[in-house]
Amino acid sequence: MTDQAEKKHSAFWGVMVIAGTVIGGGMFALPVDLAGAWFFWGAFILIIAWFSMLHSGLLLLEANLNYPVGSSFNTITKDLIGNTWNIISGITVAFVLYILTYAYISANGAIISETISMNLGYHANPRIVGICTAIFVASVLWLSSLAASRITSLFLGLKIISFVIVFGSFFFQVDYSILRDATSSTAGTSYFPYIFMALPVCLASFGFHGNIPSLIICYGKRKDKLIKSVVFGSLLALVIYLFWLYCTMGNIPRESFKAIISSGGNVDSLVKSFLGTKQHGIIEFCLLVFSNLAVASSFFGVTLGLFDYLADLFKIDNSHGGRFKTVLLTFLPPALLYLIFPNGFIYGIGGAGLCATIWAVIIPAVLAIKARKKFPNQMFTVWGGNLIPAIVILFGITVILCWFGNVFNVLPKFG
């Protein structure tokens, strides 16, 4: 079975799985959260986050390879660090998926209502639109997980085409005075203090760790293909993010982000700022298509993951009745939160970053340290000895401190 998987899938497939998982609607939060730090410091902290998340992923892979193919994250966590940490990990995974579902309901409501308003002249209520999109996605998941996967794949293909058209155009229109913030009233001020408030969102932008067990099922224990998938998949995401920052911060002045942030920082506000740069009709159309598809594909991906996680957690069967129960568990809590607090996209992504710090940063580092003691002759060990796990844990603690510093208004905020 493993040999057939190795022949069937090249490392390119794994690279696309990793990159496709992390690149989505969450990328709209990056320029908003990094507006204070602006391009050069923003790029710097994004690279730091990529380095740390790449190595936490490799540490998770290191621990995973000591167990039979198909072993779940729960199995490995329980065996190496005990049931208490396994429960903590399970709670954080569920919270991350729930908060991301809420964030994408919010983003869908905002961007689709804005698209309707711009093209049809009808001002749709974002809350109603958000709930309607949630009902649509819930209906698809109730019918079939395969249908949701196929729709996500279709959206991904269209998203790539529209991305190339739109940002190929914006790339050649970058104004270096805007990129350097030379014309701003705040030009010359320090950008460095603003990097800390963006750390949780930068971390959440590289959350591919849930795919590692799936990659091992696909490739078996061919560590060369697994390592290439993780390294080049996350590196591709980093390059696209840097390109995205270059295009956004080279076209939209830093001062304009204050209005975006004050309006809640949702996807529609950023898109309207892009449209204010006076683009041709085809570029405007492709920008709207890309924005809608980026959010929609992430929404399908996250809710599919949450649906499967809850079905496994509560041992709910795959009948229509069972799937209906799982759909209710998946969508009701975030939908109710959305009705109470509709403009929570940025806060949702940041909150996901906090919880992802535990299960995707700190726990993988601890698992690798424990695995090295339990399996001294393991087949793969991340370079750097115990220094790399220590750096990863330090990064995780820093992100947690920054998140709380942001919540309690200790850190400086832009806007």
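Glycine is no exception: its Cβ is also placed from the backbone N, Cα and C atoms.
According to Swiss-Prot, Ala124 and Pro253 sit on the same side of the membrane. A contact between the transmembrane segment (327-347) and the transmembrane segment (128-148) is present, since 3 or more of their C-beta pairs, 6 or more residues apart, lie under 8 Å. Shown for the topological domain 'Cytoplasmic' (149-153): DSSP residue counts in helix, strand and coil, namely 5 helix, 0 strand, 0 coil. With DSSP classes pooled into helix, strand and coil, the tally for the topological domain 'Cytoplasmic' (308-326) is 13 helix, 0 strand, 6 coil.
The stretches the transmembrane segment (154-174) and the transmembrane segment (287-307) meet in space: the count of Cβ pairs below 8 angstroms, excluding pairs fewer than 6 apart in sequence, reaches at least three.
In this chain, the transmembrane segment (388-408) does not touch the transmembrane segment (230-250); fewer than three CB pairs sit within less than 8 A of each other, excluding pairs fewer than 6 residues apart. Among the stretches 34-54, 128-148, 192-212, the one making the largest number of Cβ pairs under 8 Å with the transmembrane segment (287-307) is 128-148.
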